[in-house]
Amino acid sequence: MGSSRDIAIGPVAVVSLLLGSLLQDEIDSSTNPVGYRHLAFTATFFAGLTQFILRFLRLGFLIDFLSHAAIVGFMGGAAVTIALQQLKGLLGIKKFTKDTDIVSVMSSVFSSARHGWNWNTILIGISFLIFLSVTKYIGKKQKKFFWVPAIAPLTFVIISTVSVYATRADKHGVEIKIWVSHIVGPIPNKGINPPSVKEIFFSGQYAGKGFKIGVVSGMIALTEAVAIGRTFASMKDYQLDGNKEMIALGTMNIVGSMTSCYVATGSFSRSAVNYMSGCETAVSNIVMACVVLLTLALITPLFKYTPNAILASIIISAVVGLVDIEAVTLIWKIDKFDFIACMGAFFGVVFSSVEVGLVIAVSISFAKILLQVTRPRTAILGKVPRTATVYRNIQQYPDATKVPGILIVRVDSAIYFSNSNYVKERILRWLADEEEHVKENSQPRFQYLIIEMGPVTDIDTSGIHALEELFRALQKRDIKLVLANPAPVVVDKLHASKFQELIGEGRIFLTVADAVRTCYSKMELEP
């Protein structure tokens, strides 16, 4: 149903970790596995419903408020949070906090240090974590050994599972994941995924909790899928239909919630494999699914005695890669406001919860948009040397020269009710500063103010009213207002409001150069 030819759909790390964290906050999977599973299906249903409704209400633009910087911070915070949660398995702690914030987790870890840690478990976990790190380093430094980190996790899991079974280390305090042997799914002679419609909470206290978890995970899943789809669409030079992607993802998760599945989305790594393998259509997902099902049927029974510490080490090793230090550094260099959004999402997740981190990130993104809308940039223009008609920002081009007696100001945004007063006051402030500078240097006074309106894509009644107030303020200073290069829609609205009659005929020009030439010739005729 989607338009992407390359995207590979299924469970992905970020959404899985996010969903698991949010579900665990509501229902403990170890004490109430049935309720936990029901809540997972409920969250999946509402995640799909959210994605589906976004299409019909045309609210897909909401995912754009999760900026790249916010996602980097959120993923980093989620990685730290999930890694901290794995300390329970890595250290062999039996009584562990259900909270996910770093303060609660570290308090639980240190409070159990004396009697709660299992040193056999720690030795297994730390050894495996070091082993994974070394293999990753080898694969990164020596490209020809790319297969080493690829086979390392499965190899060591098999070794550790066999060792635990042979030595019966589980009888000496090493906890194992017994539940791995009881996966019910598409295994020969055991049927397929059972229906789960009756297990979805459509009412009661958990329906609301499932809705909240579903909306959050659904938005993140949609953002990731669209971003991945756009990436590969651009590489193959075809268009991605965002509306179709929303419908496809929404339908998939709604149906999935009724067939014992949890939230799925596009996977970048699997999509990359799809792309490199030469896939042309979404049928590649069917082939991939068949291979996965066959693999599960063959290897699932082998992992009955896999130590918790090994699984914890695998997860820690995987999520550490989600902390993108290089991206954070680049964000800091490019945009400080984006950096604040990134850190807000990171610390919100780490010190509170995933929901708080997302709220902080989106709130900061909204604040940035509001700031840019209500405080547009303005600049004074000067004539670039050795050119006849080029006028640019004097701060960007220090060699650009100002025209005596004429102040040229550019407004870099549409003029609406939200910023019209600011634009007017900012222009008058530029004028006051420049007039003071002119007096100090005994230069000719300003007789014309030219507003370069090329970047002004639109204007409303408040914007026109602000220009009228600016015109009257300039009249009191005996300065004439001139407009240059207004967009067609702006010209139409200025004519409709009879603004050109107010400022006088011949005060609107096609270019700044035309305006300067005309104004300067009239200045020479004035006494």
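Our numbering is plain: 1 for the first residue shown, then up by one each step along the chain.
From the backbone N, Cα and C atoms, a Cβ is placed for every residue, glycine too.
Record features, source TrEMBL:
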DOMAIN    396-519  domain 'STAS'
TRANSMEM  34-54  transmembrane segment
TRANSMEM  61-84  transmembrane segment
TRANSMEM  117-138  transmembrane segment
TRANSMEM  145-166  transmembrane segment
TRANSMEM  213-233  transmembrane segment
TRANSMEM  245-265  transmembrane segment
TRANSMEM  285-303  transmembrane segment
TRANSMEM  310-332  transmembrane segment
TRANSMEM  344-367  transmembrane segment
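For the transmembrane segment (117-138), same-chain residues at least 6 beyond its ends with a Cβ under 8 Å from one of its own Cβ atoms are 89-93, 145, 148-149, 152-153, 156, 160, 169, 172-175, 307-310, 312-314, 316-317. Non-local neighbours of the transmembrane segment (344-367) in the same chain are 18, 21-22, 25, 65-67, 70-74, 76-78, 80-81, 100-103, 212, 216, 337; each lies 6+ residues outside the stretch with a CB under 8 Å from one of its CB atoms. Residues in the domain 'STAS' (396-519) partition by DSSP class (helix H, G, I; strand E, B; coil) as 59 helix, 21 strand, 44 coil. Counting Cβ pairs closer than 8 Å to the transmembrane segment (310-332), the top stretch among 34-54, 145-166, 213-233, 245-265 is 145-166. Ranked by the number of CB pairs under 8 Å to the transmembrane segment (34-54), the listed stretches 145-166, 213-233, 245-265 are led by 245-265.
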